[in-house]
């Protein structure tokens, strides 16, 4: 596979008689190209060629085991066309690195007969939702039903996924489920192995070692797996006779691939469902604008519960104005940065013997500081990154970007040496709550030290978004702090992501009938807060989609972000031959916090140009950019550019 874009095409080679039996479509081979050996795949065998020059010989067949199936190859081609990528880049995502010993050992073992078909599926869990029972019936009949599922608060989503997979397997088909991270994968594994024979289930994730991952992947390839579950790259798994593709929590940015061509697992899964003509399911506690667009277009059905059921299952949500807690008469409220009504709710839950969840947006102690006099943000003198406090005992500040310490902080604007906290992190919050609730255990769960589960006993659990532990029986209360840090970001998905973070935490709280309450420290008039209070993410997604359509933002349009030096971006535009309706936005400086494109000159200013086209011209946009990149790739002096189609964060 050649890494240069202009050589992303098929090449013809001669196959010797000794290699003929092994050199079948899909096998790995080594070929000589311009004097060096490169890896490749056999795509097809033909008796003729359209090449007019002299053909070279295949150097060797690396393995006689075909690893690139026809279905995966079609999916790879579709992803390349959708995201303006190259086949080598997508194939690296789709086909894992070979492990010779594992391959020899695996191929020496005969393929075992498939385990018994799962028993009948109890439909009661799905019948709570409108069209839920119909979706299971469609799976039993091997119909290509497509649905966007709105999970109820407190719902055991993994059980519903397991039931859907078991139904597809009972119909003689296979199923594929994609989740954001290892925690979700572990939860799903426990659920599916209670309904489907463990011998026919394979879990794939990036955390596996090369040998284990390749061994499991070969099991899928050989048809020994009826159900494959995994993280984002598992969406390319070579599942035989695929009948159902499922994606959980597509709002999670872990489903977006950080490597070129940056595909999103939701989009790849839907492409695969379309190509395979199989059923598809997108589920979550909230709903993205992209998932809702599938419903509004009629491509997918809406699977939601009646409002009466939602109200009965959801906790009571109370919005509290955060402007006045500093003046509260309760000293504990001032200490914990909480209105006294929120503290009373926490105390009531603790007194009832239930844990209390406290969600804070940032980890660390004080991750952001500002001048105490003029409120100018404190920034590093070396890289302009934000300065933070590590803990109470450590003197001075530390840069969050470069890690340099600054022992003598002085405001660059007014010269003051007084600082104030802009954002308070999880550890500082835990410290403050420990003082406000003397004698109460305080558990901290953050990105680097996640606690998977807490006991059903009184405790304060401070967690960052995505690190909330599960609690048997649910939390008695949840407090959502510093909500402005999520809502106030200048980002296309700020409101959508804030609601997802809040609902993911609130879904862990008991129903209102059992005393569950969620206190969100935010203005009740904010539309996103209102959606949380009503527990109505579908209407929020509808409003979000309408707003984006009005101003021309994805998913109502397709946008390509082109990053590189000004000269490189201009060269690409000249060669790309963009669609006539393409709208150019920018260029502007590369957004703060976005990494530079690989291979760009150090110190050179990097700009970002946005190219916007109507939704029906997305494939044309990708094709034109891919063609332009190929033309530039031929030139020895060209500078690299990075192209991302519909990136999560535009700028």
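We count from 1, first residue shown onward.
Cβ coordinates come from backbone N, Cα and C, glycine included.
Feature annotations, courtesy of Swiss-Prot:
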- 371, 374, 411, 414: Zn(2+) 1 binding site (BINDING)
- 380, 383, 399, 402: Zn(2+) 2 binding site (BINDING)
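Positions of the features from Swiss-Prot, shown on the structure.
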residue: 371; record: Zn(2+) 1 binding site; contacts (Cβ under 8 Å, 6+ apart): 377, 378, 411, 413, 414, 416, 418, 419, 420
residue: 374; record: Zn(2+) 1 binding site; contacts (Cβ under 8 Å, 6+ apart): 411, 413, 414, 416
residue: 380; record: Zn(2+) 2 binding site; contacts (Cβ under 8 Å, 6+ apart): 386, 387, 399, 401, 402, 404, 406
residue: 383; record: Zn(2+) 2 binding site; contacts (Cβ under 8 Å, 6+ apart): 399, 401, 402, 404
Query: Taking the Cβ of residue 402 (Zn(2+) 2 binding site) as centre, how many other Cβ atoms lie within 10 Å?
result: 11
- request: Using the recorded Zn(2+) 1 site (371, 374, 411, 414) as reference, state which further residues of the same chain have their Cβ within 8 Å of the centre of those residues' Cβ atoms, listed in sequence order.
  value: 372, 373, 375, 376, 412, 413, 415, 416
Statement: Candidates 399, 411, 414 (binding-site residues); min other-Cβ count within 10 Å returns 414
Message: What is the set of residues, excluding 380, 383, 399, 402, whose C-beta falls within 8 angstroms of the centroid of the C-beta atoms at the Zn(2+) 2 site?
response: 379, 381, 382, 384, 385, 400, 401, 403, 404
